[in-house]
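Record features (TrEMBL):
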- 230-594: domain 'Peptidase S53' (DOMAIN)
- Glu303: active site, charge relay system (ACT_SITE)
- Asp307: active site, charge relay system (ACT_SITE)
- Ser506: active site, charge relay system (ACT_SITE)
- Asp548, Val549, Gly572, Asp574: Ca(2+) binding site (BINDING)
Amino acid sequence: MGSSFQAARGVAVEHRVHVICHMTVDLQKGKMRLRTCLLGLLALCVASKCSYSPEPDQQRTLPPGWVSLGRVDSEEELSLTFALRQQNVERLSKLVQAVSDPGSPHYGKYLTLEDVAELVRPSPLTFRTVQKWLSAAGARNCHSVTTQDFLTCWLSVRQAELLLSGAEFHRYVGGPAEIHVIRSLRPYQLPKALAPHVDFVGGLHRFPPTSSLRQRPEPQVSGTVGLHLGVTPSVIRQRYNLTAQDVGSGTTNNSQACAQFLEQYFHASDLAEFMRLFGGNFAHQESVARVVGQQGRGRAGIEASLDVEYLMSAGANISTWVYSSPGRHESQEPFLQWLLLLSNESALPHVHTVSYGDDEDSLSSAYIQRVNTEFMKAAARGLTLLFASGDSGAGCWSVSRRHQFRPSFPASSPYVTTVGGTSFQNPFRVTTEIVDYISGGGFSNVFPQPSYQEEAVAQFLSSSPHLPPSSYFNASGRAYPDVAALSDGYWVVSNSVPIPWVSGTSASTPVFGGILSLINEHRLLSGLPPLGFLNPRLYQQRGAGLFDVTRGCHESCLNEEVQGQGFCSGPGWDPVTGWGTPNFPALLKALIKP
């Protein structure tokens, strides 16, 4: 066992040396130089100094509910994605600020995909170095994107394990849908020569997330029967003051999209049945305009059904795309594949709603920072990205035997608009809203607080009478959510069956997204650009056009110190419901100005 392991390790080292030297052959002709290169690099490798780990802090434990089916056959094919180092990221950040700040002369003057590509595309040296390294390793069918900052290639498992020293690919099965993925729980290393050129390799460690959507028991009330038996499009439209006329005109190029990565898909027949049951009092579209990705066969997923049905009933009569992840290869990361799609299509919907999240601490710094840059690229192009804030309140985990709140990503990214959740004060009446105790919120441990929200957060921290102990959260981090909407007690049609009391911020996010699409409709009809990255404007306007939610707290650590209570809502912005929930006519008035 020991000798075969050493031999295999020797082969890997030899292979890495060969690969790096292969890159220099074109530049340095002659056997003498090549031999010197080989000997020098071999000496370095023997001293264990010629490789580095791009993601040493990536969580690599098997998520609950997943089991290994054993090693993958060495000749089986894998698809891996290489994130190439971008240029001008600091300049990109300044451009996002300029196009998103209403006080800037560049407000609304968004970049095209080609403009973004011109700015961030890797240097020719980076592209050439990585291509030669992959080519020498036997990688095939390599595809880039318009921005040239990702390369996706096919390799055999044997080639991949030689290329990514330390990786060991197994097939795993898990999740509610019993899906299969190929991953490595061991850390991988790359030649040090690639450190300036590669951010990370996708398709090794991160497992698909599971849905936190839940079906709650029906609330019990005594006495009079209420006015409604759960949240439907008509309840949403009544609460947020949408009239029958507040729908898309059908005359603009306005569009919206939802994306999810749970191996779920929707049925067109469920959408048609949902609209038949609940869409009778407003103009709407009966079908999705475009599905990006493959729609699998079999049972529909509740989350996929919910996303489509409520995006298309809040943003009624607006062309809708669905990004669907089934049909991908077992070794791909669905969320990463979605980011690649955004970087490869010049005409995209203006609003994207995404119900996806991971614990911030489970992701590597390299991955999280790079994904954040991808959100910057979207913001520079005038895309509005809405993410669900999560369904675990403030979250909880133990660090060095001390409890802390546990922020979620991408909810904690400073370049997305994050949507929390509310409930009706009386579950059977269209009343004022209070906090839904599951509503995700808190402070990032990775991203510093962006300037656009410093004043609002300082106001909350200085005025909240129920602040948790300061050791539980990073008061100087990006705080979220930014806004909220109802997240409790939805009706969904899935697999031809109407299902009641579905709850989660996966419900509030498409609702808020649909309402922003209606506002974009008015802006486009007035000759104005779409809203783009909303947060700088949202915070400057201090919640104008939103119902302030001031009652309730969300859940957190079940210990003696905080007793399950996280943050509590209050007047103005708070890390439970943000600035509040939409009051459509007032929000339209606040956001229709140039």
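Counting begins at 1 with the first residue displayed.
Glycine too: its Cβ is placed from the backbone N, Cα and C atoms.
Surrounding the centroid of the Cβ atoms of Asp548, Val549, Gly572, Asp574, where the record places Ca(2+), the chain contributes additional residues within 8 Å, namely Gly543, Thr550, Ser569, Gly570, Pro571, Trp573, Thr577, Gly578, Trp579, Gly580. Between the CA atoms of Asp307 (active site, charge relay system) and Ser506 (active site, charge relay system) there is a gap of 7 Å, rounded to the nearest whole number. For Gly572 (Ca(2+) binding site), the same-chain residues that are 6 or more apart in sequence and have a Cβ closer than 8 Å to its Cβ are Ala456, Gln459, Phe460, Arg542, Gly543, Asp548, Trp579.
Around the Cβ of Asp548 (Ca(2+) binding site), the number of neighbouring Cβ atoms within 10 Å comes to 19.
Considering other CB atoms within 10 Å as the measure, the emptiest surroundings among the recorded positions Glu303, Asp307, Ser506, Val549, Asp574 are those of Glu303. Spatial neighbours are here defined as Cα atoms within 10 angstroms of one another, and by that definition the neighbours of Glu303 (active site, charge relay system) among the recorded positions Ser506, Val549, Asp574 are Ser506.
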